[in-house]
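Asker: One structure is given below, represented as structure tokens, and several questions about it will come after.
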Amino acid sequence: MIFTFSKDFMSIFPKRILLKLSGETLIGNQGFGIQQQACLQITKSIQQIQQLGIQLGIVIGGGNIFRGINLKANGMPRVPADHMGMLATLLNGIALQQALISLEVKTCVMSALDCPKVAESYQWSKALQYLEEGVVVIFVGGTGNPYFTTDTAAALRASEIQANLLLKATKVDGIYNQDPLKNTQAVKYDRISYSQVLAEKLQVMDATAIALCRNHQIPIFVFNMKRLFENRLDHVLTDYSHGTLVDDGEIGHEANKLDR
């Protein structure tokens, strides 16, 4: 059954969610790397979702440690640069796993790159089994292939596990017609179609990820990652005014301009 949003956003919660986190969510106030306190704060929000009976998969980026595209710009071939970026997601996944374990949340790390001593190799059927058992599954290693972003990995895993919703945490509270961090006149969309996101080339996720979600009818909800640190992720699931919904519904419904 495809999960759909009502006007009050939910009378029931979705059965299965894929949460996309950027590596930056783990930085905390350090500016680089992994801050354990940030991991713990995030995992408290994750625990809230699990306690609602929702099956949860997580895809995490590696930008807090390394971005393959940066080395490519400085002369390194794209393939090894991307491999290094994939390994950075493995470090983040292990950190997140250990924070969840400290809260006694059942969890496992599944990697698209074979690293058998530190993470299970990704297997679709095994991932589904874990989810059905209430285990939080952390997917790392991106898609396992260069040239694909972790956003695409999130859309791919969401499709494979038949997620009812993809939650994407970002620096801002939704999708805007321009970058709100650069333009105070940017206008926020409350709800927008996949096709409009692609047509306007809105930079919330790459085109491959958006197209994949559209093809498999997986709604995307974009929200501010600050919610993760306020233990208010459950609010995101009860009121979609906290972000932007991407689906095949209303097109181009704009909210008010930023009040700055």
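Don't overthink the numbers, they just go from 1 along the chain as shown.
Just so you know, glycine gets a Cβ as well, placed from its N, Cα and C.
The shown structure was predicted, so the numbers you read here are calculated from the model rather than taken from an experiment.
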Asker: Among the residue ranges 28-33, 214-219, 238-243, I'd like the one that TrEMBL describes as region 'Involved in allosteric activation by GTP'.
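Answerer: The listed stretch tagged region 'Involved in allosteric activation by GTP' in TrEMBL is 28-33.
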Asker: Of the binding-site residues listed here (Gly62, Thr143, Asn145), which is spatially closest to Thr170 (ATP binding site) when Cα positions are compared?
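Answerer: Nearest in space to Thr170 (ATP binding site), counting only the binding-site residues, is Gly62.
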Asker: What is the number of other Cβ atoms found within 10 Å of the Cβ of Gly62 (UMP binding site)?
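Answerer: Its Cβ has 26 other Cβ atoms within 10 Å.
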Asker: Do me a favour and check the Cα-Cα span between Ser22 (ATP binding site) and Thr143 (UMP binding site); whole Å is fine.
Answerer: 15
Asker: If you measure every Cα to Cα distance among Lys20, Leu21, Ser22, Gly23, Gly63, Arg67, Thr170, Tyr176, Asp179, the residues said to bind ATP, what is the biggest one in Å?
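Answerer: Site span for ATP, by Cα atoms: 25 Å.
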Asker: Output, ordered by sequence, the same-chain residues six or more apart from Asp179 (ATP binding site) with a CB under 8 Å from its CB, or 'none'.
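Answerer: Once residues fewer than 6 apart are set aside, Asp179 (ATP binding site) is near Ala186, Gln203.
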Asker: Here the binding-site residues are Ser22, Thr143, Asn145, Thr170; which one has the lowest number of other Cβ atoms no more than 10 Å from its Cβ?
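Answerer: Per-residue Cβ counts within 10 Å for the binding-site residues Ser22, Thr143, Asn145, Thr170 bottom out at Asn145.
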